[in-house]
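Database features, via Swiss-Prot:
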DOMAIN    179-489  domain 'Peptidase S8'
DISULFID  CYS267-CYS414  disulfide bond
DISULFID  CYS359-CYS389  disulfide bond
DOMAIN    498-647  domain 'P/Homo B'
COMPBIAS  677-691  compositional bias 'Low complexity'
COMPBIAS  711-735  compositional bias 'Polar residues'
COMPBIAS  740-762  compositional bias 'Acidic residues'
COMPBIAS  798-808  compositional bias 'Basic residues'
COMPBIAS  820-831  compositional bias 'Acidic residues'
COMPBIAS  832-849  compositional bias 'Basic and acidic residues'
COMPBIAS  850-859  compositional bias 'Low complexity'
COMPBIAS  860-874  compositional bias 'Basic and acidic residues'
COMPBIAS  902-919  compositional bias 'Polar residues'
COMPBIAS  921-938  compositional bias 'Basic and acidic residues'
Amino acid sequence: MLPIKLLIFILGYLLSPTLQQYQQIPPRDYENKNYFLVELNTTNSQKPLIDFISHYRGHYNFEHQLSSLDNHYVFSIDKSHPHNSFLGNHNSNEYNLMKRQLGHEQDYDELISHVESIHLLPMKKLSKRIPVPIEMEDVVFDNRDDTGSDNHEATDEAHQKLIEIAKKLDIHDPEFTTQWHLINLKYPGHDVNVTGLWLENILGQGIVTALVDDGVDAESDDIKQNFNSEGSWDFNNKGKSPLPRLFDDYHGTRCAGEIAAVKNDVCGIGVAWKSQVSGIRILSGPITSSDEAEAMVYGLDTNDIYSCSWGPTDNGKVLSEPDVIVKKAMIKGIQEGRDKKGAIYVFASGNGGRFGDSCNFDGYTNSIYSITVGAIDYKGLHPQYSEACSAVMVVTYSSGSGEHIHTTDIKKKCSATHGGTSAAAPLASGIYSLILSANPNLTWRDVQYISVLSATPINEEDGNYQTTALNRKYSHKYGYGKTDAYKMVHFAKTWVNVKPQAWYYSDIIEVNQTITTTPEQKAPSKRDSPQKIIHSSVNVSEKDLKIMNVERVEHITVKVNIDSTYRGRVGMRIISPTGVISDLATFRVNDASTRGFQNWTFMSVAHWGETGIGEWKVEVFVDDSKGDQVEINFKDWQFRIFGESIDGDKAEVYDITKDYAAIRRELLEKEKQNSKSTTTTSSTTTATTTSGGEGDQKTTTSAENKESTTKVDNSASITTSQTASLTSSNEQHQPTESNSDSDSDTDDENKQEGEEDNDNDNDNGNKKANSDNTGFYLMSIAVVGFIAVLLVMKFHKTPGSGRRRRRRDGYEFDIIPGEDYSDSDDDEDDFDTRRADDDSFDLGHRNDQRVVSASQQQRQYDRQQDETRDRLFDDFNAESLPDYENDMFKIGDEEEEEEEGQQSAKAPSNSEGNSGTSTKKYKDNEADEDHKDVVGTQ
């Protein structure tokens, strides 16, 4: 048992508010202890946690609960403890896994049985997207004439605009005239086009952007008024105030100034200068994945946007992604943030472009939950440092061509050297503040839709743009274009929210093909035409997406396993059914790793708006331009679609731990079984009601078996391991109208196949086969006719004065239940009596109360069956429509007859006749209308 004091402490900690929990986290002793995270099933009770602490007391020390994730708890273990020999990740990251170490088998098995997952928490350091050094800035010269008359005229207009805006809004900030990203005086039009929104008083009111960075100088005169302390925390020094402490802790403050620098007389002005900023400090020292996860959702009820200008090192060598618990935290952010509308995560694409780096090798920027922002300079050109990839959604302004972003700095200074994609991300975050201020009801996916649909394409001659399914242009360099604040905000004002998210996972596609280059092999002239390419594809059907409730594509991901002797020489792309190409892996000359890609996920936003239906092709190829030996083994891959749901009411909550490929297979199998069950039941009913002899029933059952054997699951077919198809293309893409039609179509197909397979048979054999098929075909037509007559009788009412009335003897008929064939006019007087005898109005058998001898009942049944069959045959083959006044069966008018009977019983005989005449005239008109409707349908 746990000591009472410890038990009280644990319960008190778990019940304390979130802020108090952060304040109660004890200091970490990484020198003497290892830390790990345990996931326990404590959703309904804290007993599993209490039991775990009690059981492992003396082995592991309880530290604290992870506030960002339910059911996750931090423990520590002394580095000298023997359990360190097998302790590792379990149901978590796919490295440093738990090992069933010799001598600790029982300890291993026991620990695994107690927990749902274990995550090791080693120290790590995240890298800032630091501004590119000025001496390394690429100065791009173009053919623009800075001294031309047109340019002078344009700049004169820009100066006049600047003066007017400053006067109207009373702007006196000394650096405002140098903030070209707000009003570009030298290259007019190459700015974020925000001043029109300012004049409309759209200034970011009510929106808070968290700078997940190295701190924010909340004491700066340019920041203080717009600083939000509730959304702030220092994870490096464990405190409420995220003030910069190190000499290079200026990054977050500069980013904050871009967004929300106050309109005053200090430095410049923020793009959303009435919004607020908070600081979440994580980049000023080593942290663990639990700290990072906490940071990504800290102040989730306060912060709307999380601006992140950091990630793996931008050196063209690193392949890195967030740990599983960080991914879980981001999923929590988009599911629970902003009152369930979802927090907005904005990431800088990276500054490794000059090293050949790509943002698809960065698991933060290629997350579907991130808006990845690249950079353009003040001329609108693509800087060399800005990383391009298929995950880039938009670009906005930053340093390049000798110019930088002018913003607030630490120590009461102003900065004129802020740049890189780390300056582009907060500028975009400020624009998203304006968007949310104008329309706070947008979800996280709506913000991405607005980015895709209202960004402005730029440098169309440079970016290898492709036209997408939405008739939008997409470039790996520029995404869907630059952020035009005025255009995007006004687009967002009238935006109607999309339906909730849905997703599709394919099966894992085994490839296991190898490419090997040799020194003697001649190198190709272009990267896009390598001598060897491994091809694979997956066919996504309409049925696949429908069963998973997916209407259209937003993001696609490709999870791969590729072994390589030189990772930087591997290239990969995916081609959609519409022909849009996403470059997933590009060559990186500095990446000489031999680890390849192990369960690595690439992402693309280039296919936004596609249906997803059709063949998705992947190509893996090698850079053999060096003339040395490189080997690539493409083992397997999995294709995933994330998009809008068909039916929002059926939308689910995404769980990263679930295997949605297995769920899809289960749903398809369940639907298949239900379809078989429905078809079998319908076929059996048809055989019973239309066949008087045993031979007819056998024929119908046989036809049903034929249909069952020809139907196949229309799930995704894997091109690399193709199987023989058992259905025609029409069966795959056209819905089945009825069982009878299916039987007929199947029989026709079987007939055609039989003719092809038996070309050498004699004429007698062919005649016999044709005769059998003709009989079955006629029977199918009869069944169709029978069903059509039933439907007509079910849904078309007839007048109450017809000749055919319900008989009073109470006998039952299988085909037309509850109908009266009597010509008597006094049937209304006996309606209540007949209703008392009948307690069901369903088609089929009734619960009759009369006792009739078996022989009498059988004779009556046979007679009625013969009469009914003759009538059906006459009606079906008639050249004119029946007289609905006299010959139409009457279903569903019992209540009307009952009411008429009650009125007739109360009224005098003479008035009864008048009423009957009037009613008959009304019903004659109704019958004429019904007659017209039937003629139209026929």
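Residue 1 is the first one shown; counting continues down the chain.
Placed from the backbone N, Cα and C atoms, the Cβ positions cover glycine too.
Note: the Cα of CYS359 (disulfide bond) and the Cα of CYS267 (disulfide bond) are spaced 33 Å from each other. Per-class residue totals from DSSP over the domain 'P/Homo B' (498-647), listed helix then strand then coil: 9 helix, 79 strand, 62 coil. Annotation note: CYS267 (disulfide bond) sits in a coil segment as assigned by DSSP. Around CYS359 (disulfide bond), a 10 Å sphere centred on its CB holds 30 further CB atoms from the protein chains shown. Counting only same-chain residues at least 6 apart in sequence, those with a Cβ under 8 Å from the Cβ of CYS267 (disulfide bond) are ASP173, PRO174, GLU175, ASP222, GLY257, ALA261, HIS406, THR407, THR408, ASP409, CYS414. For the disulfide-bonded residues shown (CYS389, CYS414), fewest C-beta neighbours within 10 angstroms: CYS414.
According to DSSP, CYS359 (disulfide bond) sits within a helical segment. Note on the domain 'Peptidase S8' (179-489): its mean pLDDT in the predicted model is 97.
Look at CYS389 (disulfide bond): DSSP puts it in coil.
DSSP assigns CYS414 (disulfide bond) to a strand segment in the three-state reduction.
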